[in-house]
Each structure stands twice: as structure tokens, then as C-alpha cells.
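Written out below as C-alpha cells is the structure these notes cover.
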Amino acid sequence: MKKKLILGLVMMMALFSLAACGGGGDVVKTDSGDVTKDELYDAMKDKYGSEFVQQLTFEKILGDKYKVSDEDVDKKFNEYKSQYGDQFSAVLTQSGLTEKSFKSQLKYNLLVQKATEANTDTSDKTLKKYYETWQPDITVSHILVADENKAKEVEQKLKDGEKFADLAKEYSTDTATKDNGGQLAPFGPGKMDPAFEKAAYALKNKGDISAPVKTQYGYHIIQMDKPATKTTFEKDKKAVKASYLESQLTTENMQKTLKKEYKDANVKVEDKDLKDAFKDFDGSSSSDSDSSK
């Protein structure tokens, strides 16, 4: 959850609240002068208005063409919750978000994702080319500890016959996975720390266990639970398509999709103060229009 995104969301919510209140009135009184609701609204509109109106507009445009269910949002929400483990509530609080406001942002992100996927070429020709270098997802468990000595201690216990799941519960500092034996969600290439990914994919058989692997998070011992199994294009096509679509969810492709959706929606900005809000999507600005007069 990047700070810039969170700050923008919080400011947009505040701007919406001010707009909903309407009317004048003071928000701050001093002997030197008062700060009115209108002054605060204008200041926030000037600083955050473009970002706010962009998201509201695209929510309307994309929501009319693509459907994101409550179940879709809840699934993504639970993924984040699992990723952050016991720290999730604290992260939301520190970010000035509630579960409701975070889910609102997730819904918008999923709308952009669905639109991008709908505008992506998934012909057999494209997918077969991608299949040449594609690797299936794998499922592994890991035990994460802070230092190498502790990792070697755990490694020795495994060699002595102790169960991986029991040691994960006892030693792992990954609170999101330790209680389920350290098992991670399935992942493919490019999804994990490079050193972790290399060590995981080097395990070829179920039950294989790695030596301690150092990453930015500490030291991992990895167990292969479900190795990669590549069969034929026809049998793997569904997984290949899902993987390819995910690989195409780049900032560049999403921006290209939003430009297309914006053009198709025949958008007209009526507020002169927000004329430049969509300049990145229509290639123009109010200053361009003024200079051409």
C-alpha cells in the first residue's frame, strides 16, 4: 500500500465530504482571519481535484462496462490481509484507512485490471509464443528466521527427522504462514525475491528442502510442496492465459487502456478549474486550447 496512493485516497475522501456538506461556514477561526469551508474546498480541489475527478470518472466509465462483484473485492482484500498477517489492522490504521475505504480502492483497481485484460490480445498465436518460456506456478512452504545461525539450527533439526510444519510453527517469523506449516500461495516467475525464487524452482520433487537462503527479509528454508508440471499447450492453456494476462498488467498497458476507454466514453469536463484533469488521456490541455485562440 504505497503512501502516495493512500494519501490521495484520504484526501479525495475529505474533498468529497466537503463537497457533500455544501454551503459556507468556517472551519477555523483566528484573530487574524477565518478559514472558510469554501477556501478549504478550493485549496484541496486545486491540489487533489484532478486525481479525484479522474478516479470518479473512470469508476463510472469502467463500472458501466465491466463488473466487479463484492466477492471479487473480498478475495483481493483477504489476499492483502493474509500477506500482512497480524500487522494488517495496524497498517490500515497508520495509513488512515478503514476496511471500507480500502475495499473501495481495491474495487477501482480491479475495474482497471478487468478493462486492461479485455483490451489484451489473447489469441492462440500470442499465447503459444508466451508458452515457449512460460513456467507453471509452484507451491512451497518456508521457514523464515532472522539470522544464519538460527537457520542452520532449523536445518539440522530437519535433517534429524523433525517435521517441517512443526518447525515452521515454532521458529518462523512469518506470522501470515507459520500456523499453516509455512505454506505460501502458488506463485510463478517474477513474483518473489530473486534469490528465493531461484532456490524454490531448483527444488524438483515434492518434499525436497533447500539449504538456508538469504533475502532482504532474513533466512529462509524452503520445502517443495507442488513442483512445476508443464504438459502441452492445450492442457496448460487456461493457466497460460491467466499468467499472460497478469504479465500484461503494466502501468503502460493500463494507461493505454484508460486512454481508449476515455475516448470511447465521450467525456466532457464542465468545470473550467478541472479542464486539465484528463490531459494525460486526451493529449490536450486548457493551456493548449487558450494558446490556439
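Glycine residues also receive a Cβ, built from the backbone N, Cα and C atoms like all the rest.
Since this is a predicted model, take the numbers as computed values, not measurements.
Per Swiss-Prot, these features apply:
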SIGNAL    1-20  signal peptide
LIPID     Cys21  N-palmitoyl cysteine
LIPID     Cys21  S-diacylglycerol cysteine
DOMAIN    135-226  domain 'PpiC'
Where DSSP helix means H, G or I and strand means E or B, what are the helix, strand and coil counts for the domain 'PpiC' (135-226)?
31 helix, 23 strand, 38 coil
As a test of reading the model: what is the averaged pLDDT for the domain 'PpiC' (135-226)?
96
